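Single-structure report; data block below.
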Amino acid sequence: MEKQPLPADDDKTEATEVDGLTGESSPQETSEPDARAGWNSKIEYFLAQVGFSVGLGNVWRFPYLCHQNGGGAFLLLYILLMLLVGIPLFFLELAAGQAIRQGSIGVWKYISPRLSGIGYSSCVVCFFVALYYNVILAWSLFYLGNSFQHPLPWEKCPEEGNVTGKRVKECSESSPTSYFWYRKALDITDSIDETGSFNTYIVCCLLAAWTVVCLGMFKGIKTSVKVMYFSSIFPYVVLFCFLIRGLLLDGAFQGIGFMFYPKLEIWADVQVWRQAATQVFFALGLGFGSIIAYSSYNPRNNNCHRDAFTVSFINFLTSVLATLVVFAVLGFRAKNKAMECVASNLSDLSKHFHEGLVPNNVMPLFNYSDPKSVALEDYRVWVKQYGSMVPGNLTDCDLEKEMQKGVEGTGLAFIAFTEAMTLLPGSPFWSALFFLMLLNLGLSTMFGTMEGILAPLSDRFKCLARNKTKLTIASCIIGFLLGLLFTQRCGNYFVMMFDDYSATLPLIIVVVFETFSVSWLYGADRFLNDIEGMLGWRPSVVYKYLWKYICLLAMLGLLGATTIRMFLSRPTYMSWNQEKV
């Protein structure tokens, strides 16, 4: 006996469910509410989907991966994987949610009762991600609050005790931004085993972050979308402001040049393919159930095929825009660092020359007595040719090496970028703008993540649907209480471990089962027929082969590569040692 088609608009009260083993059908009540909420306009839906998919990873993970993995070559690889894997799977989730009009649990249970575990798995992973993701919002709130000072508190090292001019050793041997991040913001321990006490400021910021999320989700999409009008659009305003300001800075174009210089040889590295695929996977938010939840509020005739391409390319263009901003500003920071290095080395050179330790024929032709007038490239050419003939240790001041320091994850946002902003005129303004942008990026993603939890549970359990406000409040309270784990002095280490290991593997497994269930168990042809009945036209047959073979094999390959990597390398994290700084 064939499985039922996806529900039509008039399927309100009951649906026939077919047992996959016995072939017997039995009527059962659908868990879809009689009067399901909907978006007031298409713009609200776009803001929600774009807000969820465009998050902190676009700002601090994509630029790092692009720079470390071949620049322009990585961009081409990313586009290829997005077209072959990302967009087809994104379209699959959009179509499934819009057709069945339920959350992730209801969608997979409707296709087969034995598949409801896929939806429950999505909810669990969403909850894990929400726990640590909101801690990053708490950190952003902490930095935002500290940005309304001049000078910024991470601009200079504090003095030790009451001794004028003597700086705190931990700060002077690292940097003011590193010291503020590790000692003032986190007050971090030396390892994950040393739990330490709770960080009062971060606990308060975490409570504030969960309160904002709770208020935004209070009435479901009706309230969250009102917040998204600001939280989804404001980051673009800030990115364009930073881009215009960044391009006017000295070193900006060198930074962007390092970013986009193509290194095609990286295509031979399997790990680069794994990283590109993982970034596509997370950038679009596949497997969370949030895409399904948001699309379930659409009218059945909505063109979800066009939406899949539009949202995906907005996401990609946002990543490119953020990368331009990041590397323009980091190029400026690196140029300043490199010129400080040049000034220090030329000071040593001048000292050795006056002591008669350096012959005249070794001295550079440029004006070494005025380091600000010396071009970085002229210095590097000279030091490679004559540096070994000078006593002491003259270093090659490499701008690219300076750019590679602290450009990943939290290191980019809370150390490297904050340091660059201290060099800008009106630094408190730019700092407040940056952390307000991070807060809004994270907030719109958190709304989507919470919707991936609340919508499936409300659709599946009628009692929860009747008490959705209480469910929202209870979820946020539980999230805050469990999130206190990350507000201990060792909390940053737990955030890193959760980010690396709690979501990647489970989400890949979820998407593998989603793809297999639709393309093989339900049937790709039958699914395309249902989409044709829903949209009034049939998508290309290419999707059938992409879902059945290309996407499924790619996800299995990603699963295998991720699993092998986890077995070959033990779980690790970067720690801050107070003595070694």
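Here the Cβ of each residue, glycine as well, is placed from N, Cα and C on the backbone.
TrEMBL labels come from automatic prediction, so no person has curated them.
Positions annotated as Na(+) binding site by TrEMBL: Gly51, Val54, Asn58, Asn315, Leu441.
Among the features that TrEMBL reports, compositional bias 'Basic and acidic residues' is placed at 1-15.
According to TrEMBL, the feature region 'Disordered' maps to 1-35.
The transmembrane segment annotation in TrEMBL covers 45-63 (among others).
TrEMBL lists 75-96 (among others) with the feature transmembrane segment.
If you look up TrEMBL, you'll see 117-144 (among others) marked as transmembrane segment.
The transmembrane segment annotation in TrEMBL covers 200-221 (among others).
Note on the transmembrane segment (233-256): residues 47, 54, 318, 321-322, 324-325, 327-336, 399, 403, 424, 430, 433-434, 436-437, 440-441 of its chain, located 6 or more positions outside it, place their CB under 8 angstroms from a CB of the stretch. Summarising the annotation, TrEMBL assigns transmembrane segment to 233-256 (among others).
Residues annotated as transmembrane segment in TrEMBL: 276-297 (among others). Sequence-distant neighbours of the transmembrane segment (276-297) (same chain, 6+ residues past either end, Cβ-Cβ under 8 Å): 36-39, 45, 48-49, 52-53, 57-58, 61-62, 65, 69, 74, 77-78, 81-82, 85-86, 89-90, 93-98, 100-105, 107, 119, 122-123, 125-126, 129, 221, 304, 307, 311-312, 315-316, 319, 448-449, 451-453, 455-456, 459, 504, 507-508, 510-511, 514, 554, 557-558, 562.
Per TrEMBL, transmembrane segment is recorded for 309-330 (among others).
If you look at the transmembrane segment (429-450), the same-chain residues 6 or more away from its ends with a CB under 8 A from one of its CBs are 47-49, 51-56, 58-59, 126, 129-130, 133-134, 136-137, 140-141, 143-144, 147-148, 152, 212-213, 216-217, 224, 227-228, 230-232, 234-235, 238-239, 241-242, 245, 285, 288, 290, 293-294, 413, 417-418, 421, 472, 475. Residues annotated as transmembrane segment in TrEMBL: 429-450 (among others).
The annotation transmembrane segment is assigned in TrEMBL to 471-489 (among others). Within its own chain, the transmembrane segment (471-489) has Cβ neighbours under 8 Å at 127, 130-132, 134-135, 138, 186-189, 194-199, 202-203, 206-207, 210-211, 213-214, 217-218, 220, 450, 453-454, 457-458, 464, 495, counting only residues six or more beyond its boundaries.
Annotation source TrEMBL lists transmembrane segment at 501-524 (among others). For the transmembrane segment (501-524), the residues of the chain that approach it from at least six positions outside its boundaries are 3, 20, 89, 92-93, 96, 108, 111-112, 115, 118, 121-122, 124-125, 128-129, 132, 278, 281-282, 286-288, 543-544, 547-548, 551-552, 555-556, 558-559, 562-563, 566, 571, judged by C-beta separation under 8 angstroms.
What TrEMBL lists as transmembrane segment is 545-568 (among others).
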One stretch in 45-63, 117-144, 200-221, 309-330, 545-568 has more Cβ pairs under 8 Å to the transmembrane segment (75-96) than the rest, namely 545-568
Sequence-distant residues near the transmembrane segment (309-330) by C-beta distance (under 8 Å, 6 or more away from its ends) are 46, 49-50, 53-54, 58-60, 62-63, 66-67, 75, 78-79, 82, 86-87, 90, 236, 239-240, 242-243, 246-247, 249, 252-253, 255-256, 258-259, 283-284, 403, 407, 412, 416-417, 420-421
The most crowded of the binding-site residues Val54, Leu441, judged by neighbouring Cβ atoms within 10 Å of its own Cβ, is Leu441
Within the same chain, the residues at least 6 apart in sequence whose Cβ is under 8 angstroms from that of Asn58 (Na(+) binding site) are Ala283, Asn315, Thr318, Ser319, Ala322, Leu441
Per the Cβ under 8 Å criterion, with at least 6 residues separating them from its ends, the transmembrane segment (545-568) contacts 81, 84-85, 88-89, 92, 270-271, 273-274, 277-278, 281, 501, 504-505, 508-509, 511-512, 515-516, 518-520, 524
Long-range CB partners for the transmembrane segment (45-63) (under 8 A, at least six residues beyond its ends), listed in sequence order, are 39, 136, 221, 224-225, 228-229, 231-233, 235, 259, 279, 282-285, 290-291, 294-295, 297-298, 302, 307, 310-311, 314-315, 318-319, 322-323, 326-327, 407-410, 412-413, 438, 441-442, 444-445, 447-449, 451
Given the Na(+) site Gly51, Val54, Asn58, Asn315, Leu441, its other Cβ neighbours within 8 Å of the Cβ centroid, in chain order, are Val50, Phe52, Ser53, Gly55, Ser232, Pro235, Thr318, Ser444, Thr445
